[in-house]
Amino acid sequence: MASTSRLDALPRVTCPNHPDAILVEDYRAGDMICPECGLVVGDRVIDVGSEWRTFSNDKATKDPSRVGDSQNPLLSDGDLSTMIGKGTGAASFDEFGNSKYQNRRTMSSSDRAMMNAFKEITTMADRINLPRNIVDRTNNLFKQVYEQKSLKGRANDAIASACLYIACRQEGVPRTFKEICAVSRISKKEIGRCFKLILKALETSVDLITTGDFMSRFCSNLCLPKQVQMAATHIARKAVELDLVPGRSPISVAAAAIYMASQASAEKRTQKEIGDIAGVADVTIRQSYRLIYPRAPDLFPTDFKFDTPVDKLPQL
């Protein structure tokens with residue numbers, strides 16, 4: 001017997017004996033089979049993917065046409081509809097040159113708004129190379145907010161941007177507000193407002209961000225070697241443990257730690273270079289750096305190879 005569980009409102013069929021096994025789908029028979037024990041845990045399975053057919057009169061010609069889009073469970077009717085493609089023969093047009101067969105697709109205004117938002121979310125995610133699971137979670141968040149009508153008066157693009165920010169936090173791959181701003185047309189201030197309103201409306205939360213959440217990506221974008229990244233991570237963690245940076249954002253602390261580590265190595269980076277990657281101003285980096293500089297000897301890992309001694313580091 002198949003057991004089902006809900007993940008983000010989407011059903012998942014699992015084997016009762018091997019719940020972690022990835023089921024094998026037999027499309028010909030319409031069965032879902034457990035590869036571990038061979039149990040058929042689902043039958044008469046319907047393929048909800050998009051369907052392609054070939055309508056060419058010439059069998060040697062390949063012109064597959066989509067005759068059905070994939071099902072979208074986030075829309076009210078699953079977005080199951082029939083689309084008529086453009087004709088190519090003379091019989092497809094009337095005497096005025098207009099297509100005889102045209103789409104008469106009915107879609108509610110709410111579904112149309114969600115479809116537009118989903119497209120915008122996918123576009124934003126593609127621009128910063130976010131995986132599909134982030135897009136799916138963002139779409140689910142947007143649907144919940146939209147149906148609750150709790151953010152009436154806010155632009156859908158702003159809500160979508162805030163949902164993307166929340167989804168990244170919840171999936172453990174946080175992005176900064178400025179990174180989301182860069183791929184959307186929404187200001188940081190508006191995304192921040194929607195972010196707080198969404199958390200309140202959905203009664204959900206996100207994990208607190210730490211300096212470690214950004215360190216690897218920032219250092220990679222700055223083309224810094226592994227030794228500098230490890231040193232910057234150590235510096236930031238020790239600075240927090242020693243309570244040297246109270247009230248400072250993890251992003252500014254991470255940027256200051258990277259600046260200190262790079263200045264002590266042969267791979268030096270300027271405040272502007274780091275600020276451009278981290279999305280913080282030079283003055284913000286300097287303020288955090290000044291807080292940790294007096295304890296610099298205590299912040300570096302013991303095995304760090306200095307190119308510039310601690311006492312020669314910039315004092316700013």
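Note that Cβ sites are derived from N, Cα and C of the backbone, with glycine treated the same way.
Around the Cβ of Lys152 (DNA binding site), the number of neighbouring Cβ atoms within 10 Å comes to 6. What Swiss-Prot records for Arg53, Thr61, Lys152, Arg154, Lys189, Lys196, Arg248, Lys272, Ala281, Thr284, Arg286, Arg290 is DNA binding site.
Feature annotation from Swiss-Prot assigns phosphoserine to Ser70 (among others).
Residues or ranges marked as phosphoserine by Swiss-Prot on the basis of a large-scale study or a structure entry: Ser76 (among others).
Per Swiss-Prot, the feature phosphoserine maps to Ser92 (among others).
Taken from Swiss-Prot, the feature N6-acetyllysine applies to Lys238, supported by experimental evidence. The number of other Cβ atoms within 10 Å of the Cβ belonging to Lys238 (N6-acetyllysine), over all protein chains shown, comes to 17. Lys238 (N6-acetyllysine) falls within a helical segment according to DSSP.
According to Swiss-Prot, the region 'Core promoter DNA-binding' annotation covers 189-193 (among others). Using DSSP to sort the residues of the region 'Core promoter DNA-binding' (189-193) gives these counts of helix, strand and coil: 5 helix, 0 strand, 0 coil.
Taken from Swiss-Prot, the feature region 'Core promoter DNA-binding' covers 249-252 (among others), and the record attributes it to experimental evidence. Helix, strand and coil counts from DSSP across the region 'Core promoter DNA-binding' (249-252) read 3 helix, 0 strand, 1 coil.
Note on the region 'Core promoter DNA-binding' (283-286): mean pLDDT across this stretch is 96. Per Swiss-Prot, the feature region 'Core promoter DNA-binding' maps to 283-286 (among others).
Under the heading repeat '1', Swiss-Prot lists 124-200.
Swiss-Prot lists 218-294 with the feature repeat '2'.
Here Lys238 (N6-acetyllysine) is compared against the binding-site residues Lys152, Lys189, Arg248, Ala281, Arg286, and the shortest C-alpha distance is to Arg248. Within its own chain, the region 'Core promoter DNA-binding' (283-286) has Cβ neighbours under 8 Å at 252, 255-256, 259, 271, 274-275, 316, counting only residues six or more beyond its boundaries.
In sequence order, Gly275 constitute the residues six or more apart from Ala281 (DNA binding site) in its chain with CB-CB distances below 8 Å. Cβ neighbours of Arg286 (DNA binding site) (same chain, under 8 Å, six or more residues apart in sequence): Gln271, Leu316.
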